[in-house]
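Read through the structure below, which is laid out as structure tokens, and then see the notes.
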Amino acid sequence: MTTRKITNSSQGIHGTISVPGDKSISHRALMFGAIAHGETVIHGFLKSEDCINTMKCLQQLHVKIEEKDDVVIVYGKGFEGLEKPERTLYVGNSGTTIRLLLGILGTLPFETVITGDDSIKKRPMDRVVKPLSKTGALFSANKAPIVVSGTNTKGITYDSPIASAQVKSSILLAALNSVGTTNVSEPKPSRDHTERMLSHFNVSYQKKENMISLIGKQKLTGREINVPGDISSAAFFIAAAIITPNSSLEIHNVGLNETRTGIIDILLKMGANITISNHSKMNGEEVGTIHAEYSPNLNSVEICGETIPRLIDEIPILALVATQANGMTVIKDASELKVKETNRITAVADELTKCGAKIEPTNDGMTIVGKSTLQHANVTSHGDHRIGMMLAIAGLIADGGMTIEDAEAVSVSYPHFFEELNNIMA
Ligand SMILES: O=C(O)C1=C[C@@H](OP(=O)(O)O)[C@@H](O)[C@H](O)C1
Ligand SMILES: C=C(OP(=O)(O)O)C(=O)O
């Protein structure tokens, strides 16, 4: 386990950076490339642990994938080109990998065993096992390790009780290799990268309100994909600039898909100095440049309802920002946080309390009372990349900095996070 010491940054953070590729889009680019026919060339692929695990799983299913210079090339042979792996597939820490792959594997006529690390083994898979079983897919368990297979799967109609892009995407991937129409709805809109990727691969589907309908067995052909920078990674540096005195930071090429920009909406509502410029589009995904500056007059907010899925992974870093805002910030409707890489409600509350924050966990979120002066503490990431990065940013404003145990967890989504942080502190 690696321990990292972060020093307090009295001079602020400065510079112009780009963040690595979007994790959600990188996973999908590989999977769509694998089930399409022909070459899919991916630019800006995120080479982090989670996405590399997706790549390795697909290679074990006998998909040829090459890394050349800055591109990743997937030589897809359609669903029928996927072959039984010799070994158990290992997804590491990645919920997106296991849930989306279960959708694909549940339509293949051979048994695959799939598992992950200790965190993955605890995370609920019934949310995909239940709907996918209706297609005719077979599963040995509701938690990893799972043995999965399926023959002649059929389209289903499923009203998902949770707003989860992983559930929606798993069902849509299964739908592509099933006979007939699949209809899937969700209670609130979750990230729509799968839908945009379907359009990019010329798959036709209908979307009416929160219901997507797709006819199975459409043929996909390999495409070129440009992956924008990950707004969930950018969020740590945006927050750092906002809460650290004397800071000014520009981040290029950030994905600005509106199903992901809840973090920007909330920070603006809190009074943060953020501007967005250079708007453009990359294979159906909006991108732009984000400029963030120190914002001394932040106010508390309530974060709930439809906003939650639009910033679900940014709640740990938003909690830190809320410690620097006047008044009480209330986060609710976010019980999904309990089933992420760790229980992010208790992990955030426990670790930030050690630093002097006034933060109370609730059943479906937390309350945070600002403004607090934070101080040095020995904290832990709990093996969760987003908790680790949030605590590193807390170190910038804490008296005496921060000591973070299990800091290597950041490699799950942002392998060079600490190097980038050092660069902008210089
Ligand atoms: O589909 C995706 O790429 C993701 C969806 C979200 O999970 P849920 O869909 O389970 O909320 C998110 O937390 C995760 O980091 C990535
Ligand atoms: C929840 C996350 O990812 P996953 O569900 O893919 O493990 C995340 O990256 O914050």
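Even glycines carry a Cβ here, placed using N, Cα and C.
Unlike curated records, TrEMBL annotations are generated automatically.
Under the heading domain 'Enolpyruvate transferase', TrEMBL lists 10-421.
Marked as 3-phosphoshikimate binding site by TrEMBL: Lys23, Ser24, Arg28, Ser164, Gln166, Asp313, Lys340. According to DSSP, Ser24 (3-phosphoshikimate binding site) is assigned to a helical segment.
Annotation source TrEMBL lists phosphoenolpyruvate binding site at Lys23, Gly95, Arg123, Gln166, Arg344, Arg386. Within 10 Å of the Cβ of Gly95 (phosphoenolpyruvate binding site) there are 20 other Cβ atoms, across all protein chains.
Taken from TrEMBL, the feature active site, proton acceptor applies to Asp313. Following the DSSP three-state reduction, the secondary structure of Asp313 (3-phosphoshikimate binding site) is helix.
On its own chain, Arg386 (phosphoenolpyruvate binding site) has Ser232, Asp313, Pro316, Ile317, Lys340, Glu341, Arg344, Ser413 as residues at least 6 apart in sequence with a Cβ closer than 8 Å to its own Cβ. The two recorded residues Arg123 (phosphoenolpyruvate binding site) and Gln166 (3-phosphoshikimate binding site) have their Cα atoms spaced 13 Å from each other. Annotated pair Ser24 (3-phosphoshikimate binding site) and Gly95 (phosphoenolpyruvate binding site), C-alpha to C-alpha distance, rounded: 11 Å.
Checking the binding-site residues Ser24, Arg123, Ser164, Gln166, Asp313 against ligand 1 with a 6 Å cutoff on the Cβ atom leaves Ser24, Ser164, Gln166, Asp313, in sequence order.
Gln166 (3-phosphoshikimate binding site) falls within a helical segment according to DSSP.
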